Amino acid sequence: MSNQKFLSAQIKRRTLLKSMAAAGAAAGASTLGLNRAFAQEPEKPAEIIVRAWGGSWVDALKAGVSDSFTKATGIAVRHDLTEDNEIQPKVWAAVAQKRVPPIHINWDTTTNATKSALRGVTEDLSDLPNLKNTTDLSKPVGLDGYPIVNTYGYVYVLAFRPEAFPNGAPKSWNDLLDPKLKGRIALYNDGIGFHFPAQVAGGGKLEDIPANMQPAWDFITKIKAQQPLLGEDPDFTTWFQRGEIDAACTISTNAREAKKNGINIDWVVPEEGAKFDTDGLWIPKGLPENELYWAKQYINHALTKEAQQVWLDGLGLPGVVPGLTPPADLVGDPSYPTTEEDFKHLIRISTKVQVENESQWFAKFKEIMQG
Amino acid sequence: MRPSRAAYPIRWRVMDILEQVAGKLWPRSFSAGLPYLMLLPALLLVGVLVWGLVEIGDSSLRTLDTSTFLMSENYTLANYQRALSERFFTTVAGRSLMGSLIVTVVTLIFAFPYSYLMVRTQSSALRKFLLVALFLPFFIGQVVRAYGWLIILGNQGMVNEALGLVGVTPIRLLYNYPAVLFGLVQYMLPFAVLMLAPAMTAIPAELESAASSLGANWISSFRHIVLPLSKPGLVGAGLVVFTLSLTDFAIPAILGGGSQDFIANAIYDQFFRTSDQGMGATLSLLLVAVGSILVGLVFMVFGAGTLAMGGDRK
């Protein structure tokens, strides 16, 4: 199945089967689900530990999910800001050695979380009551049950400083090849978010992923000549703020955060498309029964409409519960897709393909950029 | 008559008891074994490191199965083959080795006069100033120092602002190879000075005075007295700076803009970004091997320098 078709199929399910059917009922039912669970509650731990990304990411999680969870249960939530890539081997080692894992819940990229699920270190979350109120986006693709619950989607947009583009917003990823942008663009240091649009911008087809990605590598080689900066989420905000870059392929949340900080910045989904992906929550195996129960309740709570609304308002991202209201500044924004038309411009490749090939893609990207 | 308490104070009695206990636990006949007992912590530490290396060696012979994200059961040399054949790894290794060499040479060039001045100056104030300037960076971590350079050398940093005052448009001073080398030299300078200073202190000032009184100019006495007698310090400092540079992570990561990785950055990526512990272990072992071989060669050719700690110095 082509990726375009795959994408279309996902959107139809999301939009037609879920969006309207569950709207309205979700708000009350989700909270009730949580309350019902509390009626049979096992012993409460003093705290649960949720691994999170820092900055505006953890602020949004705290405001939307953690604080209200603590208010409802009395259980404190501690946010562990260890990088997602660094917590992964620690959790894997703990499960392999049959130790209690260092965290209760991992807020993770779906791709990373899928690796953990394939390794068998994740608890099944199929019994969360609030799952029934979510769209298909919450279900991890290509895995049995719910070893992860996806909680929102996001887009790797082309963010730019308008003053660097006096003739108007960039329309294509090829616009990054403009000589005046030499040394003024930025990508993630493993190329994540850029491989798929590069495949299209390089003249290739999404259907050829992963078998033939030469067009992507050719385009990335051209980008290399532009001497891009390579970094992580916080770097993009910093670089825009310090005037180091004029354009970047980054998650819209980072661009929005820079804008909130007073930086004149805008973003587009270029004509070749932009990568759409998801993040999720999962629980490592090896927790005591009572802690597992409350960790599940935390994720269940994160799937309520109220929690999603506040959490994702902070992130500026579309959630998995129907009926959420987009933040005022993102109504109609391509980085906040809500309609089938919005999704047509986004690229979504199956998690399975990404997980199986990501290491090779990262290595190839590094080879080009470090050469 | 009751004996005076001052004649045999209570603390002496306590000491007697402790001595008796110590005598029972470690009889005098065991005294020959005391040095070995004192070696035990070091042996334990080295043992743990060796055990870790064995574990890493085991991991390096296993490949990652991306369908289960578990390491293979069977042993293979595939990771070593990849590490030695893939362009990315050879590029990063070459950059790390060359960078470490350049940093070592440049650092020694800067550290030498600094140490000499610090040791030879008659001014107590100047010596104190040089010592404070040397130790101050130790109180600031490597990462903080690297971020300091981002503030100073960035596009909107102090240097570019100063250049702007004379009409020069901002220039990119960061996120390139020279920036990484610059950061490393700044980081390594105190280490080199600290290694060089004891060696220079050991050179009697009278030797230089004697050479001078016999007609040697400053260059001759430097070349024939100071430099040869500083060799132990230069070797020791060079080894420390080279090995620390070769294994550095933070400076290339922060000042390199993501495109100037050293081997440590590549190892981090394998362990934490691609979850390939086998490949990470392979690169780690190769780094240890290359570093050890190079250090061994230096030991063979130049001796261990100040690292010999008064033993067999060449």
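Note: Cβ is positioned from N, Cα and C throughout, glycine not excepted.
Per TrEMBL, these features apply:
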type	residues	note
DOMAIN	B:93-298	domain 'ABC transmembrane type-1'
TRANSMEM	B:34-54	transmembrane segment
TRANSMEM	B:97-117	transmembrane segment
TRANSMEM	B:129-154	transmembrane segment
TRANSMEM	B:174-197	transmembrane segment
TRANSMEM	B:233-255	transmembrane segment
TRANSMEM	B:283-308	transmembrane segment
Would you confirm whether the transmembrane segment (B:129-154) and the transmembrane segment (B:283-308) meet the contact rule of 3 or more C-beta pairs below 8 angstroms, pairs 6 or more apart in sequence?
no
For the transmembrane segment (B:97-117), could you work out the same-chain residues 6 or more beyond its ends whose Cβ comes under 8 Å from its Cβ atoms?
126, 130, 134, 177, 180-181, 184-185, 188-189, 192-193, 196-197, 200, 226, 230, 233-234, 237-238, 241-243, 245-246, 262, 290
Long-range environment of the transmembrane segment (B:233-255) - Cβ separation under 8 angstroms, sequence gap at least 6:
96-97, 99-101, 103-104, 107-108, 111-112, 115, 142-143, 146-147, 149-150, 174-175, 179-180, 182-184, 187-188, 191-193, 195-200, 261-265, 268, 287, 290-291, 294-295, 298, 302-307
